[in-house]
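Q: Okay, so Swiss-Prot annotates it like this:
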BINDING   D23, H24, G25, K26, S27, T28, N140, K141, I142, D143  GTP binding site
DOMAIN    11-193  domain 'tr-type G'
Amino acid sequence: MDNEQRLKRRENIRNFSIIAHIDHGKSTLADRILENTKSVETRDMQDQLLDSMDLERERGITIKLNAVRLKYEAKDGNTYTFHLIDTPGHVDFTYEVSRSLAACEGAILVVDAAQGIEAQTLANVYLALDNELELLPVINKIDLPAAEPERVKQEIEDMIGLDQDDVVLASAKSNIGIEEILEKIVEVVPAPDGDPEAPLKALIFDSEYDPYRGVISSIRIVDGVVKAGDKIRMMATGKEFEVTEVGINTPKQLPVDELTVGDVGYIIASIKNVDDSRVGDTITLASRPASEPLQGYKKMNPMVYCGLFPIDNKNYNDLREALEKLQLNDASLEFEPESSQALGFGYRTGFLGMLHMEIIQERIEREFGIELIATAPSVIYQCVLRDGSEVTVDNPAQMPDRDKIDKIFEPYVRATMMVPNDYVGAVMELCQRKRGQFINMDYLDDIRVNIVYELPLAEVVFDFFDQLKSNTKGYASFDYEFIENKESNLVKMDILLNGDKVDALSFIVHRDFAYERGKALVEKLKTLIPRQQFEVPVQAAIGQKIVARTNIKSMGKNVLAKCYGGDISRKRKLLEKQKAGKAKMKAVGNVEIPQDAFLAVLKMDDE
């Protein structure tokens, strides 16, 4: 193909993604677009076709992004090449969304006709506008009995500033309005710009590992051409590889001769090491490199850390391999080795949020067959010590002694909640209870309010979202972004079993809530830890000071069962012997701690 043909082809390429709040019908719309462009044969068609992970289908959510090439014959007689990049909608996976958008020129904004605009709809719109994408608004599910398309149209105009007349009314499930959406894509989404003669620049927006072919990177070509046999260079690491195959996804992988300007496809270059193909890096040709890399998207930092330990210590190395493989597709996952007296060897792992954490744990157990114990998640604290040095703490067990610390800073987030009017009181009460600071309240219309609070991330991370949903009967939507670290009056709470600290049960808590949290936790542990042959005291302590205590009673064995009548001194001797035995056991005895006990720290607020 010469450059003239490449330029002509470029004019007919449309790269777009679909963005929406969770559950507004994004994956169903993607299915319909695939069907209507005849990209998938009817017999291969299944619901949520682009959600390739079993977990995604089970939970009905999209976790990983996916890219597909489609052919569409428009009414103007031309055949267009569409690249559809499917994105997740959940707040933990905003990162995946920002990666998809970096590879597009336009986005379909899907809004539910009954629910209207929600918090994550707005968050994703701002991401799209930051990437200078053209937006095509679609109101989905218009055939629902509760649908109010006219109200939602007005919302889109008022809140996002898109013209009502540009809105397409559709129902992905019933195949209504899909043809109009396809025509609008041709009309609204601009063709990619880029020069086929310039040095190669390709953005890696995703990568996965194949045990036979090495790393497969999903790329978007911005300038230049790449084909099999080319020698490529990664601009971040400077490493060079020879390309063995380039191709496109039609959802199935299909090798092609070359990828050129505007194309979205995959590249295989027998890369064995995950770190050599970093998401966000720019690929260029070794023989004719580009002068500077593409503007990559911002790296997301983990917000939540927890310890993952294999139940069987033999699996320690397998766990490392599992985490490395998951990290390849999920650049926001971080991990480093850690050891715990209670749990042995494992990894301190960083996640974007609680859903992300659950999904990674479930994938490790399911895909790699490793049974895990997870410790309570914690956020990152900055400590300024009395000698002026600073320490970063992501594990409560490593918190320095309180008398050495001058100040502790914890991360705060700005939380935006959209709530029906009737529940404003309940939501504000929840935020106050979680140490929130009220910032702003906006009445969007006569039924919904937008409430903005600044909250400590540690309070949001545990079960804030669940409590918000239950306080509003499931109607609230929620989005948050990190703002800054603020000084707080925090203390480390240690749990002692039989006088020994259990490092995996330590947690960091605000001084005002320390007594209640400590008391609630020891009472909870009393019910979870099985009774031993000897009495076990459970204590909660701040430094040297015990703030709460309870005892787990011992199991009694009747040593007098064999004494029928007879001498009291004989009985006394047996009882004294039992008592001495229990005292000895207590001095050397270890207490087995079940997995539920580690999770008890999380479920503290449910009571």
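Our numbering is plain: 1 for the first residue shown, then up by one each step along the chain.
Every residue gets a Cβ built from N, Cα and C, even glycine.
Mind running through what each feature is packed against?
A: Secondary structure at G25 (GTP binding site), taken from DSSP and collapsed to helix, strand or coil, is coil.
The average pLDDT for the domain 'tr-type G' (11-193) in the predicted structure is 74.
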Q: Among the binding-site residues S27, N140, point out the residue whose Cβ has the most other Cβ atoms within 10 Å, with all shown protein chains included in the count.
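A: Going through S27, N140 one by one, the largest Cβ count within 10 Å is at N140.
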